[in-house]
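Engineer: Sharing a structure below in structure tokens format, with a few things to ask.
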Amino acid sequence: MPGGNAENPSQKEQGGWTMRMICITCVAYLIIPAMSYSIACLNAPSQLIKDFMNETELERTGEPLSASKVESLYGLLVAVIGIGAAIGSLTADSIAEHIGRKYAIYMSAVTGCIGTLLMALCTVGKSYEMLFVGRTINGLALGWGLSLAPPYIMEMCLSHQKGAAAMANIVSQSTAFFTAQLFGYEELLGNSDYWPYLIGFPVVLLGLQLVLLPFCPQNPRYLLIKKNDEARAIKALQIIRGVSDVKDDIKQIRQEINDSSTLAQISFFKLFVTPSMRRPLIIAIAMGLQQNWCGMNGILFFSDTLFKEVGVTGRSSRYATSGTGGIFVLGCIGAVFLGTRFGRKTIFIVGTAAIGIFSAVFSLTMIFQDEAESLKYVNIVVALLIMASYALGPVCVFWVILGELFPHSARGAGFGVAILCAFIGFFTHCYALPAMNESLSSYTFLVFAGIDAGMVVFCIFLMPETKGKSFADMAQSWTKGEENVVYAPSATSITNSSSDIVTEPHSGTAKFSPSNQERERDDSINNDATKSWTESQ
């Protein structure tokens, strides 16, 4: 490539999504909608599940459960999936290192099948404990799936495909939530006869994945880096790319091996004692916890109960509940376009502020619902606006910005901490919300409004704008005046620097590469950053 300006023919040939790559993506991602559906499917049959718990206890002991005990058990049932998911997210990376992401995803699907069948067969076994055990196992599968499937696909993608692949993950989750709400209609599966089938539906998706996943290739990077099997790596890349010449891909992977060997990998626990990781770690923890304490989960998982409390009953309640899921899907799709136009920080702050404002309004409509009949319809509209704000901002930015906050050497540990905090937040929120509703009643959502306000202030002063910036750029801007606090460049940014057309991470937006002089300057900055990073260790 004379002068660095000639276009790479093989990159041009490989530029589009091949049918095989699309199929591989769909198959690998089946674990995500299956387990996301499992999260949301308890909302519609909530009263039926509570009745089942009460009737089972009555048959065993002759005494029914108290109303507060039933509510507490149901809150725990909703929340317990977070415990399994936290364990899954912490162990996923180690499992993938040993058996590869393909077989780890297969293991996740098997685990999800076991958990789902336990829950679906609870009425046959006359045991509500099966619901708790099955949901905990499903949480394990969820944590593995979210931690394994996206990296499996992302490492097969070309740079400009990664944005679409990341958003496909988020859209699949939101679509699963919406599907669970639709199937929860009383006319379909949300009735006393069929609610176990409603809970057992993920077995269909997981069974399909178990049948099709063996035909997908193993991750080429795993084959080359961990197994040192170049022949199988080449064969896998030829299947993925749909071309025979994959020399550039092999070269890029080998370059990543060389780049990674110069940087010490930061473990989960070492992340907490590494000074240069302090600020991104604080941001990741705060964002992870805020994901589930912003007020969204109160709408998504307890909307049926909330709408009934404000006087929206019968079909109106069910339509309003499914409306929240539909808005969630549309918002996630809209976020795909917003993410390429505006900065991550801007989108997150605006979305979080909107959730806080609408949460306060939601609380006020509940407080004054007896004074005006029309307020119950305002309540529905505000609930939809909360879901739209969450989908357009916090949830999408959370999954994108994690890959941009941490350098390559700390990215795995950074993701682990953030996802762990997200599921801790999920567990505590879902378990505490019924008690909060009982004690605070209509004022519950004012708590969420206060949390959102605090998060907005936090982001204004501490969160960097990551769009279009390298790790070295961010380190220089937010650690000014601190010694030995410099980020090492990621393998992605290094390998992209040699291409003539570069894609901003996660944005999917192509731009022309800089001139040779600019490239040399950027390489110098990156080399200095790498040297400082290594010395600081």
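Using the three backbone atoms N, Cα and C, a Cβ is placed for every residue, glycine included.
According to TrEMBL, the record shows the following:
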TRANSMEM  21-40  transmembrane segment
DOMAIN    22-467  domain 'Major facilitator superfamily (MFS) profile'
TRANSMEM  73-92  transmembrane segment
TRANSMEM  104-126  transmembrane segment
TRANSMEM  132-153  transmembrane segment
TRANSMEM  195-216  transmembrane segment
TRANSMEM  281-302  transmembrane segment
TRANSMEM  322-340  transmembrane segment
TRANSMEM  347-368  transmembrane segment
TRANSMEM  380-402  transmembrane segment
TRANSMEM  414-434  transmembrane segment
TRANSMEM  440-463  transmembrane segment
REGION    495-537  region 'Disordered'
COMPBIAS  526-537  compositional bias 'Polar residues'
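For each listed feature, how buried is it and what is near it?
Structural biologist: Residues 81, 105, 108-109, 112, 115-116, 135, 138, 141-142, 144-146, 148-150, 152-153, 156-157, 161, 165, 168-169, 172-173, 175-177, 179-181, 199, 201-202, 205-206, 208-209, 212-213, 215-217, 240-242, 300-301, 325 of the same chain lie 6 or more positions beyond the ends of the transmembrane segment (21-40) yet place their CB under 8 Å from a CB of it.
In the predicted model, residues of the domain 'Major facilitator superfamily (MFS) profile' (22-467) average a pLDDT of 83.
Here the transmembrane segment (104-126) has long-range neighbours at 28, 30-31, 34-35, 38, 52, 56, 59, 88, 92, 95-96, 133-142, 144-145, 148-149, 152, 196-197, 199-200, 202-203, 206-207, 209-210, 213-214, meaning same-chain residues at least 6 beyond its ends whose C-beta is under 8 angstroms from one of its own.
For the transmembrane segment (281-302), the list of distant contacts is 39-40, 42-43, 46, 78, 177, 271-272, 324-325, 328, 348, 352, 355-356, 358-359, 362, 383, 386-387, 390, 394-395, 398, 401-402, 405-406, 414, 417-422, 424-426, 428-430, 433-434, 437, 444-445, 448-449, 451-452, 455, 458, 462-463: same-chain residues at least six beyond its ends, Cβ to Cβ under 8 Å.
Beyond the ends of the transmembrane segment (347-368), by six or more residues, the same chain brings 287, 290, 294-296, 309-310, 335, 338-339, 375-376, 378-379, 382-383, 385-386, 389-390, 392-394, 396-398, 401, 441-446, 448-453, 455-456, 459-460, 463 to within a C-beta distance below 8 angstroms of the stretch.
Counting only same-chain residues 6+ beyond the ends of the transmembrane segment (440-463), those with a CB under 8 A from a CB of the stretch are 279, 282-283, 286, 290, 293-295, 298, 345, 348-349, 352-353, 355-357, 359-360, 362-363, 366-367, 369, 433.
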Engineer: Against the transmembrane segment (414-434), which of these stretches has the most C-beta pairs under 8 Å: 73-92, 132-153, 195-216, 322-340?
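Structural biologist: By Cβ pairs under 8 Å, 73-92 leads among 73-92, 132-153, 195-216, 322-340.
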Engineer: Should anything in the same chain at least six residues away from the transmembrane segment (73-92) have a Cβ under 8 Å from its Cβ atoms, list it; otherwise answer none.
Structural biologist: 38-39, 42, 46, 49-50, 53, 65, 104, 108, 128, 131-132, 135-148, 268, 301, 415-416, 419-420, 423-424, 426-435
Engineer: For the transmembrane segment (322-340), find every same-chain residue at least 6 residues outside the stretch whose CB is under 8 Å from a CB in it, and list them.
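Structural biologist: Same-chain residues near the transmembrane segment (322-340) but 6 or more away: 40, 163-164, 167, 170-171, 173-175, 177-182, 184-185, 299-300, 303, 347, 380, 383-384, 387-393, 395-397, 400, 506-509.
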